[in-house]
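Chemist: Please read through the structure below; I'll follow up with questions.
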Amino acid sequence: MKLIKNGKILKNGILKDTEILIDGKRIKQISSKINASSSNIEVIDAKGNLIAPGFVDVHVHLREPGGEHKETIESGTKAAARGGFTTVCPMPNTRPVPDTVEHVRELRQRISETAQVRVLPYAAITKRQAGTELVDFEKLALEGVFAFTDDGVGVQTASMMYAAMKQAAKVKKPIVAHCEDNSLIYGGAMHKGKRSEELGIPGIPNIAESVQIARDVLLAEATGCHYHVCHVSTKESVRVIRDAKKAGIHVTAEVTPHHLLLTENDVPGDDSNYKMNPPLRSNEDREALLEGLLDGTIDCIATDHAPHAKEEKEQPMTKAPFGIVGSETAFPLLYTHFVRRGNWSLQQLVDYFTIKPATIFNLNYGKLHKDSYADLTIIDLNTEKEIKSEDFLSKADNTPFIGEKVYGNPTLTMLKGEVVFEEEK
């Protein structure tokens, strides 16, 4: 057994002194004081820090199989554990794509061998993510895939998405969509706006995203499918999603930390660590995302952790791949910028990473109570640390946040009662 002493948990937004007794994989007792006298109890001192439920990230890229030079299941899940995440859902833009039962089983075998946290894999919507032929939804649903997505590309035709949603509704699985109309991206490498004009870099307009969301919410209404929108980035998208929810359509949405924190004006020049898809938008868009998150239009936060090799990101923005890493920095950045400055409560931020994503995807994680799995993270809210690439457990360090000083860093993460990350003393 393990006993976590000298910790604090959130109860209705208030920090309460708490001790947690863990028996095997599950929580046996949560109380302000636990009298457990046994020689076989391992005591973990939380040092007055927050004990939060293990975070749930419904959008990561682990790159394996096929992209191991960028990240592996092992390195990506070590990074997740360092960031406080105990459950991650990897996207299917791997080689091979998890578009058959055989490929999903091969992926699960790899996960069982090296993953440091719980990994719930997506299956693709279309074979090879090519957008021309649907996967076998029934067989893949029976195999227990998390949901269906072609993330990395948008499903380009309404007829294909309509057919996919009908199948997904039939097997009671969500469709998770990267929304991007290829006919409207114009080879862009950042947001189409004043900054892209100043830098002479082709831009992607807001409409490339919002047009596809508008199409898809109507298809979701027609099919009864649960439709989840990845990494919302524009004010128009927020408006469409808000209206869809008011109409009773089963739509949910996520936003990334970088779209909440940065805008096109933060792009210093031709620096590919600021290249992600969707791109950093205008400040008006960022404010709409913050409003949408707080009013419930956007349901949760997901990192879109997208590692790339250093030589890939050293290329100009027009040639470098899209994406930045985020697993190890997400909570500290948002805690520092929004909670410490009084814009959000600590309870709100923790919920965006735990109970909110778990609830919308019907996962029995993201909360701490008697008999639940002992998935948790201990977080130091008071010590400032600098984000340094040499501290990353990910194979990649492609992020614009290197050098930022942040609070709210996890010091220990536990999955099913086993420590999967502990800060070096």
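Note that Cβ sites are derived from N, Cα and C of the backbone, with glycine treated the same way.
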Chemist: D151, H231 bind Zn(2+) 2 in Swiss-Prot, but which of H178, H250 does that record place at the same site?
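Modeler: The one candidate that Swiss-Prot places in that Zn(2+) 2 site: H178.
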Chemist: H61, L62, R63, N93, N277, F322, G323 bind substrate according to Swiss-Prot; which of H103, H308 goes with them?
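Modeler: Record source Swiss-Prot; matching candidate: H308.
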Chemist: With H59, H61, D151 listed by Swiss-Prot as binding Zn(2+) 1, identify the candidate in D299, D304, D351 belonging to that site.
Modeler: D304
Chemist: Would you mind listing, in sequence order, the residues at least six apart from D151 (Zn(2+) 1 binding site) in the same chain with a Cβ closer than 8 Å to its Cβ?
Modeler: H59, M91, P92, N93, Y122, V176, A177, H178, C230
Chemist: Tell me whether H231 (Zn(2+) 2 binding site) sits in a helix, a strand or coil according to DSSP.
Modeler: coil
Chemist: Measure from the Cβ of L62 (substrate binding site) and count the other Cβ atoms within 10 Å, all protein chains considered.
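Modeler: There are 31 such Cβ atoms around L62 (substrate binding site).
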Chemist: Return the residues near N277 (substrate binding site), defined as same-chain residues 6+ apart in sequence whose C-beta is under 8 angstroms from its C-beta, sorted by sequence, else 'none'.
Modeler: E180, I204, F322, G323
Chemist: D304 (active site) to R63 (substrate binding site): how many Å between their Cα atoms?
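Modeler: About 12 Å separates the two Cα atoms.
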Chemist: By CA-CA distance, flag whichever of H61, L62, H308 among the binding-site residues is nearest to H231 (Zn(2+) 2 binding site).
Modeler: H61
